[in-house]
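Take a look at the structure set out below.
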Amino acid sequence: MAAPSSRRACGAEVTHEPEVRLMPAPSVAAVAGWERGMRRARRLGAAAVLRLLLVAHVAAAFDPVSVGLVIGAASALTGYLSYTDLYCRFAECCREEQPLNASALKLDLEEKLFGQHLATEVILKALTGFKNNKNPKKPLTLSLHGWAGTGKNFVSQIVAENLHSKGLKSKFVHLFVSTLHFPHEQQIKLYQDQLQKWIRGNVSACASSLFIFDEMDKLHPGVIDAIKPFLDYYEQVDGVSYRKAIFIFLSNAGGDLITKTALDFWRAGRKREDIELKDLEHVLSVGVFNNKHSGLWHSSLIDRNLIDYFIPFLPLEYRHVKMCVRAELRARGSAIDEDIVTMVAEEMTFFPKDEKIYSDKGCKTVQSRLDFHEAPNGAG
């Protein structure tokens, strides 16, 4: 997972603009070796191509010059694949025009995200439409809201994995955590400068970069406005186009508004699945705009309508917690033991005090509680 390079995690020193790594020029000896390899490969034919590709696979871990020369030779011999196609089989590349596999994203959201019909629907449509648009007018900007444990971070992980093969570990996916990267209120101007440099450098390297801002509700007011020019309807800003980038904000702000709407539906005898985006989106945008602790307080991003979707994550019910437990058991390769599923779910605390409908931590503590119940007798 890529993160801003900084000498101190607290962000006290200037975050440097990402280093642009240029491939060093090959030496005369390296070029001569490549030419000898080409002559020999022509004599040996297809078998040599396979050997060259195998060598490239090994060389990739050690020397970018070597892998470049070897793959160049192999691509010249085959005539079927471009240098880029072959190189990207051994190194991560920015595939700006690669289409989104909407079916795979839909399956991930439906099978791994529980109780969030609005998030599933909106994220799938928003990403699919954006990636299918060859000439978007602005970057895609999503703001995810809801209490902790409802799935916001999990969704950002799913999105990252569907956009870039290495997911959160990709060098084209960048995660900012407010309390880590922007902790000091007195350094807002410094953070704004750092943020602009970091985003500019990474979008210059890969137009389809993904930026995730976690803990937006802990971000000092004004910091996020530094990226306003990059989210706007500009063809270019200082020679760089940001139109194919994606920005995702994660925030607990608005959780109370979402819960109130969900409770109103429940008390009226209506299903949570009847809640529509229009029931919450305007309430959310106004609520976070007027909330001093939302990270978007009086933000120009809202004032200028630069956030494309405010996506509510509903509070999770008892049945959803049980779904989370089963999913975690499957992920561990364990058999589904319904007794354990029930025990973990019943250990959660639920609110409101009288109805006890929603888990106050969502599914956030499922893993640690499962560790306890799966531990061998006498462990610890």
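Positions of Cβ are set from backbone N, Cα and C atoms, glycine also.
Listed features, source TrEMBL:
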TRANSMEM  44-62  transmembrane segment
BINDING   G146, W147, A148, G149, T150, G151, K152, N153  ATP binding site
DOMAIN    316-372  domain 'Torsin-1A C-terminal'
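Excluding G146, W147, A148, G149, T150, G151, K152, N153 themselves, the residues of that chain whose CB lies within 8 A of the CB mean position for the ATP site are, in sequence, F154, N252, F313, G362, K364. Here T150 (ATP binding site) comes close to G115, Q116, F313, L314, P315, L316, G362, C363: these same-chain residues lie at least six apart in sequence, with C-beta atoms under 8 angstroms from its C-beta. Within 10 Å of the C-beta atom of A148 (ATP binding site) sit 15 other C-beta atoms, taking all shown protein chains into account. Across the domain 'Torsin-1A C-terminal' (316-372), DSSP helix (H, G, I), strand (E, B) and coil residues number 31 helix, 5 strand, 21 coil.
Take the CB of G146 (ATP binding site) and look out to 10 A: across all protein chains shown you find 27 other CB atoms.
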